[in-house]
Amino acid sequence: MKYGKLWPIGVSVLGVIALHVRVLSLEVENSSAVDTCSTHTILPGPKGDDGEAGDTGVLGKLGKDGPKGQKGNKGIIGDSGDLGLIGKIGPIGSKGDKGHKGLPGLPGGKGKSGSYCDCGRYRKVVGQLDVNVAHLKSSLKFVKNVIAGIRETDEKYYYIVREERNYRDALTQCRIRGGTLAMPKDQATNSLIADYISKMGLFRVFIGINDIEKEKQFVYADNSPLQTYSSWKAGEPNDGSGYEDCVEMLSTGHWNDVDCSLTIYFVCEFLKKTK
């Protein structure tokens with residue numbers, strides 16, 4: 001009887017416990033994972049495997065230039081360059097020494113016997129005619145050139161001969177024409193000739209001054225010495241090559257000593273005929 005009364009009570013207690021468990025289970029289902037984790041401690045799991053290597057990244061910006069490095073070793077000598085342009089022609093060299101006499105040549109063959117002819121006098125006449133014709137041609141050429149222009153003072157005419165000659169040939173050519181190389185013995189004459197040279201578009205010409213006979217003792221073409229007047233360029237005469245015994249006039253009017261073998265134009269002077 002005692003156990004029979006207790007059965008209903010036991011059943012009632014079990015029912016209450018089951019109901020309580022049901023309520024707890026519903027609360028757990030309705031609660032979020034965060035709430036669950038916040039009320040429960042989760043232990044860390046084991047270490048995972050290494051992941052695969054990622055792709056190469058994009059090339060970054062260039063950095064600043066580093067400090068200047070040390071000087072490198074001397075390189076190998078390069079190949080020779082191409083031949084350059086030909087330079088300007090240098091000044092005329094000094095006159096060379098006279099060469100040795102050559103060896104005698106072989107004797108010529110025997111000539112044919114000639115016929116008799118009394119041609120000597122005719123040859124002399126023909127030879128003189130050739131000389132006269134040559135002088136006439138030279139004079140004709142001179143007259144044609146003179147028409148192109150001369151300069152004059154009260155007593156003299158001056159004419160630039162546009163033929164390249166050395167000093168001695170220039171003297172001869174002026175004498176053949178009846179004059180001599182120009183001798184500027186005063187400032188007025190010197191200025192007239194200098195202006196003449198410039199107006200003709202020239203740079204220099206021979207004039208009648210030299211020290212051929214005695215070094216540093218310059219004389220005119222008529223052998224009269226230089227006296228009170230001269231117009232030397234600064235530093236002249238200097239006999240630079242050791243053979244500068246003749247004189248040229250520049251378009252500036254200055255004088256310069258040069259080698260007599262130089263071939264340039266020259267200026268002649270002629271006395272005016274008095275009436």
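Along the chain as shown, residues are numbered 1 onward.
Glycine too: its Cβ is placed from the backbone N, Cα and C atoms.
In Swiss-Prot, Cys268 is paired through a disulphide bond with Cys174, chosen from Cys117, Cys119, Cys174. Noted from Swiss-Prot: Cys246 is disulfide-bonded to Cys260, selected from Cys119, Cys260. Remark: of the disulfide-bonded residues Cys174, Cys246, Cys260, Cys268, the most isolated position is Cys260 (fewest other Cβ atoms within 10 Å of its Cβ).
When secondary structure is read from DSSP and collapsed to three states, Cys260 (disulfide bond) falls in the coil class.
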